[in-house]
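Taken verbatim from TrEMBL:
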DOMAIN    8-268  domain 'AB hydrolase-1'
ACT_SITE  Ser78  active site
ACT_SITE  Asp128  active site
ACT_SITE  His259  active site
Amino acid sequence: MKRRTSKRARCVVVAMDLRGHGATKTEDERCENDADADGAPGAAGVDFSAERLVADVVAVTTQLYGGTGRKVVLLGHSMGGAIATRAAAAMMTKAREDDAAREDAAAREDAANPRARVVRVAGLVVVDVVEGTAVESFNRAEVAMAARPRRFACARTAIEWAVRAGGVTKNVHSAAASFPSQLREASDEASGSHLRWRTDVAKTRPHWDGWYAGLSKLFVEVKTPKLLLLAGTDRLDVDLTVAQMQGKFQMVVFPNASHATHEDEPGATSVGVAGFIERYVCRG
């Protein structure tokens, strides 16, 4: 999807690891020797609050593009979409404050440092995340977390589970590319070498409400071109249904996709995202 989107929209695609994701580790993650009983380290010791995750995204984006004048489109799936929305709102607020501060002579001097300047948010894309349906699914998500295997013998069996039983994606090629990053290598005397979960997602439960509370209203209010990709129109809550009828954001529906819309339909998702960038960002 990254290659297809960058080629179609003639843009640079940057994919960052959020806390508890991929190979990146933060200082507040516990070492593997202090792992939880099920072998998944980090979740209990990591700050997964919306505020912390937003601060991470803002910091990385500012480091890469602050003061460059380049247009930035934020894109996120599920919880990542919620964080992308909040990060876009935060950076646009910072931009307005920066514009006001430039009336002061000291602020104009500071502007000589490009890294001190703000990010130019030019668009927001969120994939299959709606406040109302997300909150309603919390109980089902907890049940799913409790039912999933604690370990896998190898990457092949993990990918097979993700496609056949895990509800992760229906696309085996996507699962092969993305699912291994959710796991880590481990070993013990009983089962030898195997794979366990990178993070115990169930232990992030105290933060779920904070990720999604007020999300639909904030998404509508962010004053930048917006695209919502959904697996079905039944996922829309009242706020987004009204806003969509008023034309406040663009929407593309993939009726044959699951929650992992971009993994089930990578080609169609790439076309939708690239088309949005070409229409509303490149010409903006």
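Cβ atoms are placed via backbone N, Cα and C, with glycine included.
All TrEMBL annotations are machine predictions without curation.
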List the residues of the same chain that sit at least 6 positions away from Asp128 (active site) in sequence and have their Cβ under 8 Å from its Cβ, in sequence order, or write 'none'. His77, Ser78, Gly81, Leu229, Leu230, Ala231, Arg235, His259, Ala260, Thr261
Please give the average pLDDT for the domain 'AB hydrolase-1' (8-268) in this predicted model. 88
Reduced DSSP assignment, Asp128 (active site): coil
Using the structure shown, find which entry in Ser78, His259 (the active-site residues) has the sparsest Cβ neighbourhood within 10 Å. Ser78
